[in-house]
Structure formats: structure tokens, C-alpha cells
Amino acid sequence: MLTGSSLASTFLGLAGHLAATPGTSVVEVAGERLMRAYGSFPHPNIFGGYLAMAITFILVSKNKLLYHTTSTLKHSITLIILTLLTSTLVITFSRSAWLALTIGIFSFFIVSAIERKKISRKFLSGLAIVIVAFVATAALFNNAIFTRLDATDRLETKSLTERQSEYQMIGEVIKTNPFVGVGPGAYTIALAEKFPGHDVWFYQPMHNLFLLFFAETGLLGLMFFGFVVWAVVRRRDGRQFVTAIIPIVTTITTLAIFDHYLWSHWSGLVLLVVVLAIFVKVR
């Protein structure tokens, strides 16, 4: 990222990215293009989503390495991993991932307060590491951070305008077939039929998983999804289930509200399936 390019490898299936190439996700700082961290993913937002979920899971899942190990070395290694994950999250410059992590951690405090459970010192030490790593890395890239948070910047204004137009257009697509939808993966095709004549990059999936899912699967799809969630939740032990899973669900729900990759990209689907598996496993 700092070199303005990312590793390309046919063997590993990695596509190369250059900051100077149009279409690459960048942050413009003082007229220069700073490339966002892609990792091995097709977009920095997906990389950021994985990082946010990983950090949340390590902090709130009562994993052995952070909470139940008596080894100082293992605990220290876990804290180092948290530091690396958090610092990398910052340089993805993914606002949705930053917000998702913040809300996920905040929800943990709320659930703990409601359940009247004492918050572990090891959780607080992990959280302190996350905060320090985030602030320290953000300080190194403060101009880029401020740019991402500045709605008047050229690229940020363009991004927000595109998102607003998506909300205006999706209603027309939903009207096409509100009961069964336009079909999984067919949203951009339906969008092109409704609004022809634009450049190819204009036709993107709706940056809201729930609305995109509704447009592609219709009311029947939403009803089926609701039934699945209800079937899982009704079999859980309420108090224990809420304490264990709410922060993780809150984090991924925030990601889903602001992006589409959890439904439209295979890498996002993998993350979603893993979280759903955790959702089912917790008893």
C-alpha cells in the first residue's frame, strides 16, 4: 500500500493494483493518490470487514488465548495479533468497518450492563491495545483519515452522491417483481434495463445487503430468511445466547447496512456463512 501498488500473483490468484490506475480504491491527499489496503481481497472494504469481525471475535468470544491461557507468551502473542489487525484495519480506510467495530464493541458493554456481568480485565487489556493501535496508526495517516471523514472532498462527495442515487433507483427495480425479486445476482442487469445509457461502472449492486436481498429475492426471500432466523433463535438459551453473540451479530449487521459484498461477492459470502455457523453453534 505504501508503495502505491499491491502484490500480483497468478499462483495465489491475487490481482495487482496500482494507485495511479483509474478504478483503484484510493484516498486523495494533497493531490496525491494513497492506495487503500486490499490485502488478498478484491476491495479494501471487504478486507476491512474481515478485520473488524476478527477483532470483535477475539475480544468478545472468550477465546482461550486471550481469556483462559496462563501463558504470558500466548497472551502477549494474542495482543500483538490484535495490534496488527487493528493497524491494518486503519489503512483499509473502510469507514463501514471502522463503524462496525465501534458499534460491535459498544454493544458488548450494553449487553454486559443489561446482564450485570463483570467485564474481564483481559477484555479491557485487549480493548486498550485496539484503541492505542488504532489511534497511533491513525496519527501516522491523519491527513488521509480526515479526508475519509470529510464529506466535501472530491472522491468522498462522489461516493456519497452515488450511494444516494442507489437508494433512489432501487425502488424502481423492486417494483419490477416485488414478490420473487429479479433473481440472485441479477440486480445490475435489472438496473441497466431500467436506467440504460450509463457507463458500465454505473451499474453496481445496492450498497445495503438487506435492500439488495429484497430486490433480488423479493418478499418470498425475506420471509424465508426471517423464518430461518426465527427457527435458530427460538432454540437458543436466551440469556446465554444474547451475551455470547450480540456483539458479533451487531458488527456484521452494520457491515451489511453499508455494503453489499456479504451477498454479492464469494469472499463476503464466506464471512457471512462463518458468522451464521457461529450463530448456530453457540448454545
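Quick reminder: no glycine exception, Cβ is built from N, Cα and C everywhere.
Unlike curated records, TrEMBL annotations are generated automatically.
Annotation comment: TrEMBL describes 43-60, 72-91, 97-114, 126-146, 209-233, 240-258, 264-282 as transmembrane segment. Taken from TrEMBL, the feature domain 'O-antigen ligase-related' applies to 82-225.
Broken down by DSSP into helix, strand and coil, the domain 'O-antigen ligase-related' (82-225) contains 111 helix, 0 strand, 33 coil. Confidence over the domain 'O-antigen ligase-related' (82-225), given as mean pLDDT on the 0 to 100 scale, stands at 91.
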